[in-house]
Every structure is written in C-alpha cells, then in structure tokens.
Amino acid sequence: MAEFKGQPRLPEFAVPKHYEIRLKPDLSSFRFAGSVAVDLDIVSSTKAIVLNAAELSITSGSVSFSSKATSEVMKPVTAEAVEADEILILEFPETIPLGIGVLKLEFEGILNDKLKGFYRSAYTINGETKHMAVTQFEPVDARRCFPCWDEPALKATFKITLDVPSQLVALSNMPVTKEEVDGSVKTVFYQETPLMSTYLVAVVVGMLDYVEDHTSDGVKVRVYSQVGKADQAKFALDVAVKTLEFYKSYFSIPYLLPKLDLIAIPDFAAGAMENYGLVTFRETALLFDEQRSAAANKQRVAEVVAHELAHQWFGDLVTMKWWTHLWLNEGFATWMSHLANDNLFPEWKVWTQFLGEFSDALRLDSLEESHPIEVEINHASQIDEIFDAISYQKGASVIRMLHNYLGAEPFQRSIASYVRKYAHSNAKTEDLWTALEEGSGKPVSKLMNLWTKQKGYPIVAVSLVEDQKLKFEQSQFLLNGAASDSQWIVPISSCYGSYGEHKSLLLESKSGTLDIKEFVGSNVVEDSSVWIKLNVAQTGFYRVKYDNDLTARLRTAIEKKYLNDMDRYGILDDAFALCMARQQPLTSLLTLLSSYGQELEYIVLTNLSNICRTVQRIAADATPELLNSVNQFFINLSMNSAKRLGWDPKQGESHLDSMLRGDILTTLSLFGHGPTLTEANKRFQAYLDDRNTPLLPPDIRQATYVAVMQTVSTKNTWGYESLLRVYRETDLSQEKTRVLGALASCPDPDIVLQVLNFLLTPEVRKQDAALGLAVSKEGRETAWKWFKANWENIWQTLGSGSLINRFIKAIVSPLASSEMVKEVENFFQNRTTASTSRTVKQSIEKARINAMWVESIRKETKLAEVVKELANRTY
Ligand code: BES
Ligand code: ZN
C-alpha cells in the first residue's frame with residue numbers, strides 16, 4: 001500500500017455521502033470513544049479504502065464494509081494508520097463492489113489540550129475547575145475526532161449523536177431531535193445536516209448559560225457562555241440577529257439552518273470559527289461587559305460576529321474547492337464584515353478603519369517571502385500559515401478594489417447569483433470571477449488574475465510633466481530594495497485640488513500618461529497651489545510615489561485640511577513605506593509627519609502613532625544621541641490630541657474618540673512623557689484601591705498599564721506585581737489581555753525576562769501566550785536569547801501551529817542588526833518545519849530590512865539638524 005503514502009491528497013476511489021457519528025467524551029479521563037458509519041460511493045475499482053485519521057486508535061475488528069449492491073459484508077485484511085500522512089489505509093481481500101456501501105468503524109481518542117481536533121477547555125465555577133469538550137477542525141483536524149475524508153470538496157451530510165453526562169449542555173451544528181436520559185448519562189440525537197464540509201462539523205459539551213432571540217423568519221439564535229457570564233452575551237446576540245437579516249437581503253438567500261448558536265470558549269486558538277450553525281469564539285471576541293469592556297472590545301465583538309456569520313453563506317453554504325482558494329472564504333468574510341458593521345454602526349466609520357487592515361496587507365506583501373493570494377498547497381501542514389494578512393487583508397482589499405471598479409449594484413447582484421449557483425457545493429476563484437464578469441460585463445478575470453496569482457503589488461511613481469500631463473510608471477514595491485519584472489493592471493484614480501474632479505484610468509503597461517488640462521486649467525505646472533492625489537480613498541492595492549514638487553503641494557494641502565481622511569492616511573502610509581524601503585530619507589518622512597500636527601481623525605492618528613513608534617525604535621538603534629529630540633518631536637505632535645481628549649471620557653463623545661484616547665496615551669508613555677507617566681501611576685493606584693473607580697475607565701486601562709510598565713525596573717517592581725495581581729484577580733478575559741499586552745513593554749530587560757517566563761506558566765492560557773506580544777526595544781535581544789534557550793519548552797507547550805508562529809514573529813521581526821539576523825538564521829537552520837518555515841523566512845526578512853534601514857539612517861547627514869528643528873516646534 002506504499003503508493004498511498006506521502007501523497008498530498010486522498011485517492012478518489014471512494015466518495016463519502018453521509019456520516020453517522022457517535023461520540024462519547026469523558027471529561028475526567030480526557031478520552032473519548034466513538035463510532036462512525038459512512039455511506040460511500042465506490043466510484044472506481046479498488047481493493048483499498050484510504051481516508052484521513054490522526055491520533056485515533058481504531059478498535060481492532062471493528063472495521064467492516066457492507067456493499068448495498070451485493071449485500072456482501074467485507075472485513076479488511078489490514079488497517080494501517082500512517083501517522084506521518086494522517087491517513088488510514090484499509091486493505092480488503094478482494095476488489096470492493098462499485099456503488100454504494102457502508103463503512104463502519106469504532107475508535108478511541110484523546111481529549112487533548114492542543115486546541116485542535118476534539119479538545120478540552122478549562123473554566124471555573126465557584127472556584128472549582130471544570131472542563132468542557134470542544135471541537136476545532138479547520139483546516140485539517142476533523143481527522144483527530146473521527147476518521148473521515150477531510151477535504152473541503154468532499155461534502156456530505158452528517159447525523160451526530162452524543163453520549164454525555166446528563167447535567168451538561170451538548171451542542172452540535174443542528175437542533176436536537178431527541179434526548180434519552182439513562183441515569184448519569186444522556187444520549188442526545190441531532191437532526192441531519194445539509195451537505196457540508198468536514199472542517200465545519202462541531203460539538204461542544206459543558207456547563208453553559210445562554211441568551212436567546214430570533215430573526216424575523218424564525219431562526220432561533222442563542223449566544224452561549226460559561227455559567228455566570230450570560231449578561232455579557234447580549235451585545236453579540238443583538239448584532240447576530242441584525243446581521244443575519246442584513247446578509248439575507250444582501251445574498252438574496254436566507255440563513256438555511258433552523259438555529260444558530262454562538263458560543264464563547266475559554267481556550268480557543270483563533271479568534272472564532274464559523275462551524276455551520278455552531279460558531280465558536282474566544283471569550284474576548286464574543287463577550288462584552290457593559291461596565292468593564294472597552295469601546296475597542298465592543299467593535300471587535302461586532303466585527304468577529306459579522307465575519308463568522310458572513311461565512312455561513314460564504315464558506316459554509318458555498319465552500320472553496322481546495323485550500324488554495326482559502327482567500328475566497330477569508331478575504332470575502334473580512335470585506336463583508338465591514339459592510340455589515342458599517343450598516344449597523346455608521347458612526348464607527350469602519351471603512352475608514354479598514355485602511356489599517358489595508359496597510360497590514362501592504363506591509364506583509366512588500367516582503368519577497370510573501371505569497372500569492374492563490375497559493376499552492378502541497379501538504380496539510382502548510383495550510384495553517386496561510387491564514388495570514390494575504391488571505392484576509394489583501395483578499396479583502398482586492399475585493400474592495402474590484403467592488404469599487406464594478407460598482408455596488410452589479411457587484412451585489414453577481415455575488416447573489418454566485419451563491420445561488422454554488423450553494424451546497426464548492427467553487428474556486430475563477431468561478432467567482434466568471435460570475436462577476438457575467439454580472440458586470442467587465443473583464444474581471446483578466447484584471448484580477450494579476451492580483452491573485454502573483455505575489456506583491458506595484459508602486460506607481462507619478463510626476464507632473466510638460467503640457468499639463470501626469471506621467472506614471474509602475475514597478476513592484478519591495479522593502480528590501482529588490483527589483484522584479486512583475487506588472488499589474490492598475491486602476492488609477494486621481495483628484496485635483498479645489499477642482500474636486502476625479503479622473504480614472506487603467507494603467508495596463510509599465511508606464512502611461514494622463515492629460516489633466518481639462519481638470520486643472522492651463523497653469524498647473526506653475527501654479528503650486530494645485531495639488532494632485534492619486535488612488536482616491538485608497539481603494540487600489542498599490543502605493544504611490546510622488547515627485548518632490550507634488551509632495552510639497554500635498555504637504556501644504558494636508559496642513560490646510562484640503563484632503564479627506566482616507567487620502568491623508570494614504571499619503572502618510574506610502575511615505576512611511578518608502579522611507580523604510582530606503583527610497584526616501586528619514587528627514588522627508590519627519591517633515592511630512594510634522595504636517596499632521598492638527599490631525600483629528602482616528603485612523604490617521606493611530607497610523608501616525610504607529611509610525612512614530614516604529615521610527616523611534618529605529619532611531620534608537622541608528623542615532624541614539626538623537627533619541628531625546630525624536631521623542632520630544634513626537635510628543636509635541638501628539639499634544640493637540642492629548643489635550644483635546646484628556647484622561648476622562650466626555651459625555652456623549654464618539655466611539656472613535658473613546659478608542660483614540662488610549663492610543664494617544666500609550667504613545668505618550670512610550671515616548672517617555674513625564675506628566676502622562678505620573679498621572680497613569682496615580683490613577684492606577686486608585687484602581688488598585690477600588691476596581692470601580694471612575695478614574696480608570698476601561699478605554700484607558702491598557703494605556704495606563706503600558707505607562708505603569710515604563711516606570712518598572714528590578715529596583716521598583718511594584719507596578720509589575722500589581723499588574724500581575726490585577727491579572728490574577730479578574731475573571732474578564734479582555735482585562736487579562738490588556739495586562740498581557742502591556743507587560744513586555746517594560747524597558748528593563750530583566751523584567752522582560754520575567755514576563756516571558758510568566759507567559760509560559762499555566763497561569764497564561766496557551767492561546768494568549770504571544771497574543772499582542774510587543775517587547776520593548778531595550779528588551780529585544782534579551783527576548784531573543786530567552787527564546788533560543790527555551791525553544792524546546794516553547795515547542796512542547798505551544799505545538800507546531802499558529803501559536804508558535806505568533807511567538808516567532810513577535811520575537812524575530814523587531815530585531816534590527818545584521819549580527820542578529822545571522823544568529824537567527826543559524827538557529828533556525830535545522831529547526832524549521834513545514835508549518836513554521838514561511839513565518840521564519842518572513843520574520844528574518846523583516847529583521848534584515850530593519851538592519852538595512854538603520855544603516856541608511858546613520859548615513860543621513862542632515863538628520864540631526866532636521867530633528868532638532870522639529871523638536872522645537874509646537875502645533
Ligand atoms: N475560519 C477562521 C478561523 C480559523 C483561523 C480556523 C485559522 C483555522 C485557522 C475564522 O473565520 C476567522 O477568520 N477568524 C478570525 C477572526 C476574524 C474576525 C478575522 C480569527 O480567528 O482571527
Ligand atoms: Zn474567517
């Protein structure tokens with residue numbers, strides 16, 4: 001049977017049609033027993049049946065195949081579990097009759113603690129530790145719960161039965177049809193599902209509370225939580241019901257299952273999972289506490305709920321054919337969640353906030369180690385790593401670009417017809433393009449293939465030339481300075497000063513020109529008050545490099561507030577990227593930053609903050625003697641916002657101001673602003689004395705914790721110890737996350753070391769160990785040494801998936817010297833696996849880019865002069 005080993009895909013002899021699955025989890029021994037009966041269609045002559053199974057022991061003698069055609073019952077001569085390939089090979093004594101038959105087998109497995117397959121999650125009730133049993137199957141872990149054909153295109157119907165302790169709640173994709181109680185055990189039977197993929201099957205068993213509502217067409221919606229947290233489920237419930245109605249109208253098809261459950265799971269690796277009819281979440285992504293959660297937490301809940309509900313159509317009803325098309329799921333759901341949230345919460349300006357995600361995508365995609373949206377997958381272990389900013393944020397960005405190009409109405413109409421056509425079935429990227437092409441009459445495939453089949457994106461250099469013309473030239477934008485021959489069809493839009501005119505064109509070759517006489521009159525070259533902005537509202541997935549003349553005009557326009565928020569954002573973000581790529585000096589970026597001193601808009605200011613923080617870290621390496629002036633400049637730049645927002649929430653203030661306050665205070669703390677640090681410590685003390693003090697509302701808690709950590713050292717550990725106490729005492733996951741996100745920002749490397757060790761203790765759930773981990777610049781190299789020394793332990797604790805990759809990225813990518821890069825390369829030489837290799841390569845590339853950036857800044861001769869001048873400005 002050697003021919004079945006080492007293959008990326010299952011052989012196609014047998015096609016599963018229906019599964020009857022029975023599972024009996026034991027929450028004290030952490031084991032489970034199960035049986036499965038699969039209706040198979042044997043479609044080609046074979047002696048072997050090959051299916052997926054991993055970490056399951058098949059009960060010997062339990063395997064049988066009964067052919068419907070011949071009524072023959074066959075037993076395999078061998079049943080070989082090949083763990084390396086996660087398959088089970090059943091070899092029969094003779095050829096299996098074609099047509100339908102039933103494969104039966106029994107098995108046992110472990111309720112593991114790895115947050116995948118069928119696993120256990122711990123929670124406490126009245127101080128007592130309890131466990132729930134939970135499944136997480138995407139991408140390839142259904143095989144850890146029951147033997148199956150674990151590929152997304154092999155859709156089947158599922159009938160599930162659970163044997164559980166009678167006092168517990170047991171949930172699955174479909175409603176319960178019947179329950180039989182037999183003393184301490186009950187058997188729960190569920191309705192059969194519609195056709196669906198294995199990765200969407202789900203089961204949860206535990207002590208649970210819920211709140212309930214229903215949609216206008218009678219779908220019963222419940223949000224489940226641990227006992228005692230049901231009040232925190234109300235916000236998500238409201239969002240879920242309204243979002244279902246919104247999608248029903250957008251897709252022109254209602255939600256098709258009779259019920260929808262959303263459930264908060266205390267231990268959960270991802271943010272949430274769109275299991276059909278039973279969506280699982282980490283607590284921070286579903287629960288909202290009116291008193292103790294922050295505005296950002298509220299927005300996160302709405303975003304994640306909307307994202308997972310979008311999958312109920314785009315992913316669950318229509319599923320990708322293979323993981324190469326994962327982006328169809330994730331890119332689309334990411335885009336769609338913004339559409340839904342914008343509809344529910346227009347004051348959040350989620351499309352403006354989307355630019356943050358747009359930048360995440362541009363950042364990752366400017367690495368040579370990026371990958372195309374449609375990425376080749378040859379082994380199951382490669383799939384985890386493509387749940388990244390390319391599949392999600394770049395995917396969503398190219399959909400936004402296309403939506404803008406085709407128009408909202410044709411786009412929606414085509415999506416609805418695509419969903420109708422592929423409902424209960426599978427589709428690939430090309431199928432979506434075909435639907436959009438038919439619905440819009442525009443050449444969608446030709447345009448989009450360039451964006452999804454090749455990695456990277458262009459930067460368009462623009463200059464003003466004689467005869468009132470704009471000249472464009474595209475080339476791939478790479479942070480490491482490498483060149484390529486890649487080209488794209490770039491939808492270029494542009495707007496012009498007070499003329500308010502837009503002009504668009506498709507740039508289909510390397511360079512092009514645009515006559516703008518009719519828009520700007522005849523004197524644009526001489527009249528420097530006319531500014532020109534490309535990529536209006538940043539809808540195109542590219543960057544723009546303006547010539548010096550155009551840049552100067554834009555600077556003035558920004559100061560005079562002539563540009564709208566998305567365009568102000570784009571100019572800033574592109575300039576920052578060009579600086580990091582060493583295509584423009586730091587002095588130009590700093591001069592541009594100084595145009596933003598009057599900025600009020602949330603998304604522009606948060607990006608400004610992020611950029612200032614990165615520049616500060618780089619400057620600390622490149623020119624430590626200028627660090628004080630750099631800090632002073634950034635403090636001055638943040639002062640207007642700081643004064644406007646203060647520490648205390650204003651009556652009736654906007655959601656965005658509530659979120660911004662914490663961001664500005666964090667920035668000021670990181671730049672060492674004395675009064676902020678003092679005030680933070682004072683308010684923190686008040687909070688320690690009374691957790692209900694009005695002096696520390698939820699929106700500024702994390703910022704305060706960061707400020708407190710800036711004043712902690714081995715000589716003064718009060719702040720650190722107090723934060724650990726806050727962490728230990730709270731039952732609110734969002735509060736724990738705030739503390740964890742602040743600890744490593746301490747400038748004392750010895751404290752950073754203590755923090756890192758703390759992250760690996762049982763007090764921190766695995767899912768949170770590297771979540772939002774941002775090590776101070778002073779602690780970076782210590783963190784790397786610690787990482788090397790603890791590698792075995794980290795690997796043992798976190799396993800090979802996304803959890804460890806988060807750690808690798810957080811520790812490696814901030815490094816900024818060529819010596820460190822060498823060390824990292826040596827270290828990973830023989831420690832990289834198929835599931836970490838992309839992350840390792842990307843993180844090393846990022847560190848190398850930092851190192852080159854540091855070197856180039858050291859060579860800037862005018863830097864000191866410019867920084868000192870800027871540090872003296874006020875805004
Ligand atoms: N399908 C994913 C969950 C997932 C992620 C499964 C990685 C397996 C591996 C889910 O729809 C998702 O995308 N969740 C996001 C949240 C979302 C709002 C971006 C997540 O987990 O972060
Ligand atoms: Zn998703």
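Note: Cβ is positioned from N, Cα and C throughout, glycine not excepted.
Source: prediction; values computed, not measured.
If you look up TrEMBL, you'll see Glu308 marked as active site, proton acceptor. Taken residue by residue with DSSP, Glu308 (active site, proton acceptor) is part of a helix. The Cβ neighbour count for Glu308 (active site, proton acceptor), using a 10 Å radius and every protein chain shown, is 27.
Residues or ranges marked as Zn(2+) binding site in TrEMBL: His307, His311, Glu330. With a 10 A radius on its CB, Glu330 (Zn(2+) binding site) counts 23 other CB atoms from all the protein chains.
TrEMBL lists 15-200 with the feature domain 'Aminopeptidase N-like N-terminal'.
What TrEMBL records for 235-451 is domain 'Peptidase M1 membrane alanine aminopeptidase'.
Per TrEMBL, the feature domain 'ERAP1-like C-terminal' maps to 531-848.
Around Tyr392 (site 'Transition state stabilizer'), a 10 Å sphere centred on its CB holds 24 further CB atoms from the protein chains shown. In three-state terms derived from DSSP, Tyr392 (site 'Transition state stabilizer') belongs to a helical segment. The feature site 'Transition state stabilizer' is assigned by TrEMBL to Tyr392.
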Which ones in the same chain are close to His307 (Zn(2+) binding site), with CB under 8 Å and 6+ residues apart in sequence? Ala272, Glu274, Ala333, Thr334, Met336, Ser337
Name them in sequence order: residues not among His307, His311, Glu330 whose Cβ is within 8 Å of the mean position of the Cβ atoms defining the Zn(2+) site. Glu274, Glu308, Ala310, Phe314, Gly315, Asn329, Phe332, Ala333, Thr334, Met336, Ser337
When you rank Glu308, His311, Glu330 by Cα distance to Tyr392 (site 'Transition state stabilizer'), which of the recorded positions ends up on top as the closest? Glu330
Cα of Glu308 (active site, proton acceptor) to Cα of Glu330 (Zn(2+) binding site): how many Å, rounded? 10
